[in-house]
Amino acid sequence: STMRERKTTDTLHSTDPLHSSADLSEGKKKLRLKQEVGLISGVSLIAGTMIGSGIFMSPEWVLHHMGNPASSLLIWAACGLLAMFGALSYAELGTIIKESGGEYIYILRIFGSFPAFLFAYTSVILVRPAGLAAVCLSFAEYAIAPFYPGCSSPQVAVKCTAAACILILTIINCLNVRLATSVMNIFTAAKLLALLVIVVGGLVLLAKGQTQSFQNGFQGTTTGIGAVGVAFYQGLWSYDGWNNLNYVTEELKKPEVTLPRALMIAIPLVTCLYLLVNVSYLAAMTPSELLSSGAVAVTWGDKVLGSWAWLISLSVALSTFGSSNGTFFSGGRVCYIAAREGHMPAILSMAHVRCLTPSPALLFTSAMSLIMIISGSFTSIVNFFSFMAWLFYGMTISGLLYLKIKKPGLPRSYKVPIVIPIIVLMAAVYLVLAPIIDQPQIEIFYIVLFIFSGIIFYFPLVHFKYHPPFLQRVTLHLQLLLEVAPTTKDAN
């Protein structure tokens, strides 16, 4: 059969919630992904994915929606706190359910097959490839900008560069997990260095007395719930990636220790850097200059670094490449885990027999991203990325609250105070509902329609287990072509 049968014990309502569907019979050699992600790589995966193009582009939009510098800094701090609370909640989930897959596996184990399929369907087909395509396009814009001084880069060149970026990432991630994590570590170090340059430059400007942007800082603050919600969306886009380590739990060394520690190091580090970078921007520019800037970091470089301003463009290109590598690394795992649970074709649940990487899932994610880059019609969907993300974050956090209240006896090495997931759930409800109530848009209706279109595929293929005969032949040929074999879960 080309789709794996899900056992009826696959949810946390079963007697053995953690490993009910794992095949771990002794004496048989099983193919599985290696545990090669340590603490440093874990911190790099989180920080490296979070620090993408957002901090170099989003500050002007947060300022635009909030109306003044002081309240925009509060939004950046609140976004960091919310990301930290969300990550701590996910850390507890990760120590209860020690499986890769992030929200998908948590929704599956707690709420069952149908909502998990809808998440996987939306994430694998749309959200992850669209996010990857957007970050790669940002990389392409900055990478080729020096070749077209004084004018905008041709779209053909931008799209070809973005496509090349995706293909390079595919090769790196298919070859070796250690190679992919090494790339993450190197690019994370490079982007942290770039942000430190901006921070030090800002502190020098403040020491020279350039504090005019912070006088009457709260004057003209926006108070509309919709505007504040959209400002949060812009800020949270820059923090996106705080949950990435939960997608690769089975590949972590000592996940019960590494997962909470990596989160507690990476997210406060990124939050402090983001706040200091925003202060630096406001020290170098007036609010009106910042609002009129097309790319805040580049404008900052022109004002502060002079002839060395090209370093900022290079840093943004490196930053977005590193971020897209992290997005690709974790995004391919969602596809792989969903296939392993029977929610995607079985070929996507297989790993390369020598490289031990989920290459079919990575190739599929790559193909979907390339389609989005070529079509160029995904922009409106990406704009509502946060709406979809927080819809599923809210669902996942409500699952944690269910486990804390109904199943407090489940073994877990880390416990988060119950007030933290309650705050995250309230924030998720606000972020989903605020833009709908304040300024309803037809695109949100299209997104909800797309999510529920998964019903068309769920009932025949998963619920009633209808397996088209041709898929078995296709799977066999692809197995031989790609040199892949079925995998088993790690017995953490």
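For all residues, glycine too, the Cβ spot is worked out from N, Cα and C.
TrEMBL does not curate its annotations; it predicts them automatically.
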If you look at how TrEMBL annotates this chain, which of 132-150, 360-378 comes out as transmembrane segment? 360-378
Of the listed stretches 37-58, 360-378, 415-437, which one has the most C-beta pairs under 8 A with the transmembrane segment (103-124)? 360-378
Under 8 angstroms for C-beta pairs, at least 3 of them, ignoring pairs fewer than 6 apart in sequence. Is the transmembrane segment (37-58) in contact with the transmembrane segment (262-284) by that rule? yes
